[in-house]
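All remarks here apply to the structure that follows.
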Amino acid sequence: MNPYVLATLLSSLGLGTTLTFASSHWLLAWMGLEINTLAIVPLMAQHHHPRAVEATTKYFLTQATAAAVILFASTTNAWITGTWDMTSMSNPIATAMILAALALKIGLAPMHFWMPEVLQGLDLLTGLILSTWQKLAPLALIIQTAQAFDPLLLTTLGLTSTLVGGWGGLNQTQLRKVLAYSSIAHMGWMVIVLQYAPQLTLLALLMYILMTSAAFLTLKLSYTTKVGTLATTWSKSPLLTATAALVLLSLGGLPPLTGFMPKWLILQELAKQGLPLTATVMALAALISLYFYLRLCYAMTLTISPNTVTSTTPWRTQTTQASALLALSTVMALGLLPLTPAVMTLVV
């Protein structure tokens, strides 16, 4: 892709998200979401592969549907209340519609069906943008209007997402689909605690972005998109394989890695709010997710791929890809747990 076109598209992505962040008016927020969608569509379809075009079409249709529902619901609310302001969401039907549309935008279950299919058709870098940056604007809107939403609806969305994210990833052999279900589960964790401690939602989002970035960049560096290919990576780059396994366990929320921090604080907050049953279901759903991460780690570090090649496998292959960002995100995805006391003073 032409670097000028790429720069224009990436700056439009930034502009769309910033516009949504800064707005307290529904029309402006909707405009930001639309700019965001239109900026990523050419990035998704840049390879001209039928699979990429199909994924782009699916993504565009779901996002356009969600945007239309947001516009319709906010117009209805403005018609009834006389204001476009986000803080004055008094109509329950309009509020429920907006939550459903925003849930469709970020891929919360049961509006998650597009997410694995779309992510599977994209290359790893565009998939990384879709899994991280594209979540920011809709989540910002959900956080801003959280007080207007029905608490039971938010809890149901959160629980469903963590369970679906766990169950869906169990049988997958494609790594991008595994990461898509991982994304759905993490979104559930963020939404469940939103009504009680929005600052924990932001913490969980930050940790999710760090861990997902490390996972996607690792896969990109090792040219891996299937579980079967993972078994061959240890002979080429043993250190990268070791850190990749740890990053996956961090995504699963295993102590003493970074991913344990948001899960621990969210479960603690749910118990503090008098919701021990919800906290138990969330913890059990996290165990299901952990199983498929362990499956990937097993394939990566404890199996030897059937090797029919007569030549010796290179111990380390030289790569021309930049790895500074991968190194930084991996270190942060693995070693931030000791900062938990400092984080607790900020968020509690």
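From the backbone N, Cα and C atoms, a Cβ is placed for every residue, glycine too.
As given in TrEMBL:
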| type | residues | note |
| --- | --- | --- |
| DOMAIN | 23-288 | domain 'NADH:quinone oxidoreductase/Mrp antiporter transmembrane' |
| DOMAIN | 290-343 | domain 'NADH dehydrogenase subunit 2 C-terminal' |
| TRANSMEM | 57-80 | transmembrane segment |
| TRANSMEM | 92-113 | transmembrane segment |
| TRANSMEM | 152-171 | transmembrane segment |
| TRANSMEM | 178-196 | transmembrane segment |
| TRANSMEM | 202-219 | transmembrane segment |
| TRANSMEM | 239-257 | transmembrane segment |
| TRANSMEM | 277-294 | transmembrane segment |
| TRANSMEM | 324-347 | transmembrane segment |
Problem - Tertiary contacts of the transmembrane segment (277-294), as residues 6+ beyond its ends and Cβ separation under 8 Å - result: 155, 158-159, 162-163, 165-167, 169-170, 172, 178, 181-182, 185, 188-189, 192, 248-249, 251-254, 263, 266-267, 270-271
Completion exercise
Contact set of the transmembrane segment (239-257) with the rest of its chain, CB cutoff 8 A exclusive, min separation 6+ beyond the ends, reads 182, 211-212, 214-215, 218-219, 221-222, 233, 263-264, 286, 289-290, 293-294, 296-297, 300-301, 330, 333-335, 337
Completion exercise
The answer for the transmembrane segment (178-196), taking Cβ pairs under 8 Å and residues 6+ beyond its ends, is 106-109, 112, 115-116, 118-120, 127, 131, 135, 139, 142-143, 146-147, 149, 151, 154-155, 157-166, 168-169, 172, 204-205, 208, 212, 215-216, 227, 251, 262-263, 266, 269-270, 273, 278, 282, 285-286, 289, 292-293, 296
Problem - Recorded stretch that, among 92-113, 202-219, 324-347, has the most CB pairs under 8 Å to the transmembrane segment (152-171) - result: 92-113
Problem - Other parts of the chain folded back onto the transmembrane segment (324-347), taken as Cβ under 8 Å at six or more residues beyond its ends - result: 197, 199-200, 203, 207, 210-211, 213-215, 217-218, 221, 243, 246-247, 250, 255-261, 264-265
Completion exercise
Confidence over the domain 'NADH dehydrogenase subunit 2 C-terminal' (290-343), expressed as mean pLDDT on the 0 to 100 scale, is 81
